[in-house]
Structures are given as structure tokens and as C-alpha cells.
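Here the structure comes first, spelled out in C-alpha cells, and everything after it is commentary.
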Amino acid sequence: METANEIRRKNQDRLLYTNSRGGGGMDSRGLPWESVPFKHPSTFETLAMDPAKKRRIMEDLKDFAECESFYRKTGRAWKRGYLLYGPPGTGKSSMIAAMANYLGYDIYDLELAEVRSNSELRKLLMKTSSKSIIVIEDIDCSIELKNRRSKKKQRGDEGNGNTITLSGLLNFTDGLWSCCGSERIFVFTTNHIEKLDPALLRSGRMDMHIYMSYCTFASVKILLKNYLGYEEGDLSDDVLKELERVVDKAEITPADVSECLIKNRRDKERAVRELLEDMKRRVEKNEKNGKLRGLNGSLTVADDAEEQEKRALDSPYGEEEEIEDSICKNSED
């Protein structure tokens, strides 16, 4: 049974913020953030993801929201970081909306390209509220972060646009300034985890790494329910077996499946038929181009994602970068 706090969180109005454009990071009223009502309908129930994986994420979020006393007792800032990574169209933005709706938090969508300096970044953080999710989408291509080793070479260019450094971003998420406030979640998204500095990925900054994958059989069934109203037992065993046989090899995103189902939503049988045909074409194309994973001992999609993450975490260039120590470091539970 839901507690009174959970019900209140889900029913309260939420806001979506973005940092103000223009000089000094302030709008015409002198405020650093502009807001609109947040009405995104995504929930964990509608999210196209393996149910067991969704449960783990929901349990982690719930544990975070209910454990203020634990964070206080252990001397840690009451915050948590999530990294969402994977191919485009796999539902990263929908995941963020589902997290906000589940917790009843506001969202601060931070456009790094509009932030001119580390000090401006700190001011934006100070103006965020508790019970919020601070999001930086496509962090690998938002801006070209300057590390501290190359600062001297670039000092002459500081008057020309963005001067945010890697050190500044790290201290934004895990430094002294990140402790100004409480019950905050940081979410970074990327299509290319291998491009990220390992310092951004460690525990205490990004505590949970969530791979947003191509569709699995379980996620396709969720989408068929969402868009066509199919329940368990509505589809024939032959159709289900055929979907299960081709879906992993097709490497099709939830966005692509959704588009096919939306287009044919008034004819459910046609929708399923065209979806199967599209998947088979993708399998054939992957086989022809030699891109199909899982053959001849090559990596599966999930294994490939894990390998990319391992390479990102082990990348040697980040080890030479000295980052300011944080009092909010992750400790063993």
C-alpha cells in the first residue's frame, strides 16, 4: 500500500526548469532559471524496459528518497547520480520523466552551452530547490570541457564564450557546492560513454550506470500494450515466438518500434505484421553488413555496452587529471 507521502508526491504539480539564455545567465527578471509546468506522461509502467531492471531502479530511487537519516548519520550529502547511456532513441528522456513522476521531483534541464564559467555554474546550482533532478543531456557533446592541465594554454581565450572546466563540472556534482541543498539527483545522459572522462563516471558522482538498450522481447510486449492495448494471451503463440526470435538480432530502438505502432494503431494486426517485417529487414541488413552481434563468439549488445563502460572507466587519460577533493565522497555502505 502506498504511504501518504508517496501519494502526495505523485499528485503534486511539478515544474520543468531551464537555465536562462543571454548575458550573465539571468532572464529579464534577474532569475537564473525559467520554468514551465511539467506534464510528461512517462511512468515506469509505460517505460519500454525489462521489468526486473525497472524494479531495481525504482527500489534504488525509493531507497534514496526515504534515507535522509542514513545520509546524515554517515556524513554524506543527500544526493545521488545516475548515468543513462546507450544508442539514440532508447528512452533516456522518458526515463528521466518517469523518475520525476515517480518521486514527485522538479526537473532542472541544464544547458551547459549557455553557461559561461564555473562560477556561473555554481550560482545555478545554488538556485535549485531540494527534491529535484538536475539533468545534463548528451554530456559528451554539450560543450568541449577544458581540463586543468590545458588551462594555461587556453587562458587567453577565456573572453570568447564558454570556459567551464572539467574540474568545475566535477565540483558541481560532487564538490563542496553540491552539498548546498538536499535530496537532489543528478542525471547525465550520453550516446557514447567511451567519450566521457572516467572522473565523471566514478561512484559518488554517477552512482548507478543504466544502459538504455535496444528493444528486448519484454520491452516490445510493453510497447504493444501501450500503443495497441495487447494483453498477455492476445497474440498467438506463433507471432510471439517470431517476435522473440528476431527482436535481439534486429537491434531496433523503442523509438522505432513506437513509430511503427503509432502509424498503424487503427489496425492492430497490420501494426504487428509491419513491425515483424521491419525487424526481419533489420536482421537481414545486419547479417549482410557483418554487424550482427552474438555470432562466432562476438559480443552481444549487452556485453558490448559493458565493454564500452569498462574502457571508459579504465581510460588512462583521466588518471593524470587531478580533481579537487570532495567532502561528499561515496563510502562503503
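The chain as shown is numbered from 1 upward.
The backbone N, Cα and C atoms fix where each Cβ goes, and this holds for glycine too.
Check TrEMBL against the ranges 1-23, 24-46 and you find region 'Disordered' recorded for 1-23. As a whole-number mean, the pLDDT of the domain 'AAA+ ATPase' (78-216) in this prediction is 86.
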